[in-house]
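Record features, source TrEMBL:
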TRANSMEM  86-105  transmembrane segment
TRANSMEM  139-158  transmembrane segment
TRANSMEM  250-266  transmembrane segment
TRANSMEM  272-293  transmembrane segment
TRANSMEM  314-339  transmembrane segment
TRANSMEM  375-393  transmembrane segment
TRANSMEM  405-426  transmembrane segment
TRANSMEM  432-449  transmembrane segment
TRANSMEM  461-481  transmembrane segment
């Protein structure tokens, strides 16, 4: 027995191992550690992305019109300071959320400020640098109230009743939809390897062009209208003259994807770490075509921050910005609630489904605690002026690495604690390093579609829309709404038409289960005796009973007609 085996066995038998049920869930300490590391590395980008997005709201900074207003030097200095404070706030709130999820819900799910809701908070509610209809303080207060309402829904069981209303095909398709969403992120330039970029005519197209052949997209038209200063986003489109798939960063990201995929094929529990670490290390060298620190203003700023290694920033500017004035914040509160609710529901259902600990009704162990933790973390984050926190689907990377218990979440919490001090290092992981991990997780999560009944049109359409709308609208919530809405419309129409005598479309679900193709079946002892099924596709008791009835009828027909050809079956003498 190796030292690692002894360590795993010792921890598995300890109080920690029994508390997290490590052995009961078929895991080990080293597996949980690898899963936590994979999860953290795939979501560490939030430490850089979230502060940048939230700082664009202007936060508590007050513009001085005599100094140029929202584009004045004083305002810019304030934005830089709150951006650093948001790094600390993001790490601290994520740490608390991960610890609570691990200790109270025992799930390998990490939490952090949600991507999507942070953009909605900044650009739709508060507006770019405070140019929206809702004040920053009112928006943060709405976030806190949303978290409290969510907590009540979870604690009282109302959330459970709402979850039960989600149609079966939508529940089945949700993991695949979120996987497609992650893969879409991984293929983009802002969070991934840059294979997919924007296009005026077709929305998206093939990318992978080097920096000198990129045209940055303008993110905030309102800023252009104010004074002609256009703020660009991280996304771009390739120049008309070409350059597609000539970017060294894109090819390095693809190499990282292949490293992760090949290591995963060999069942390596460190596959995600290998790929991310390799690409990150190569990208840290300056004066190369793949460097994350190019010799320009942005690259130099990144490198200066990277060289600090350790950096601790206070929270004095962003602490507790609550207000009793909720003017114009009602719609934002409702939107925060339903997006947070649907995103969290979809993410948790996807994660526990891939773990295999969810029942047919969508229940899983300590479900109420998991949702309460998610809601409570949102309230905690609002103290520091953050947008809603939610369970991260990047946790799927840890699950694919073998994570099965809350110990993974606790270790992630420890990583976020360290990141409070080492944010310069962790914020320097380039997007093309984590893009490959997101793509592979997305591919693996598509397995849930094998359970979708494509022979039933209402199931096929609602499941398909769930999968497609999530990545194309950049929202898990919209995908769920599309799937649920289409299912209700179709099934409701069938019911109404049946009331007027129209025939309801045949449910081919059972027929689908009974189609054998060329599978080899063996019947022993004649009609009515024991049937031995040697077809892996017939895996449920209901399917087996139906199939036995089908074969018995075939045997009777054979005897009556003296027919030697019983489809898909062989009669033992």
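Just so it is clear, glycine is given a Cβ too, placed from its N, Cα and C backbone atoms.
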Residue numbers, six or more beyond the limits of the transmembrane segment (432-449), whose CB comes under 8 Å of its CB atoms: 38, 41-42, 44-45, 172-176, 178-188, 191-194, 249-250, 252-254, 256-261, 264, 272, 275-276, 279-280, 283, 350, 353-354, 394, 396-397, 400, 463, 467
Stretch among 139-158, 250-266, 314-339, 405-426, 461-481 sharing the most Cβ pairs under 8 Å with the transmembrane segment (86-105): 405-426
Candidates 272-293, 314-339, 375-393, 405-426; stretch with most C-beta pairs under 8 Å toward the transmembrane segment (139-158): 375-393
Same-chain residue ranges lying at least 6 outside the transmembrane segment (405-426) that approach it to Cβ under 8 Å: 16, 20-22, 25, 27, 29, 32-33, 35-37, 39-40, 44, 47, 87-88, 91-92, 94-99, 101-103, 105-110, 112, 305-312, 395, 398
Positions whose Cβ lies under 8 angstroms from the transmembrane segment (250-266), at least six residues beyond its ends: 192-195, 207-208, 272, 274-276, 278-279, 282-283, 290, 400, 432-433, 435-437, 439-440
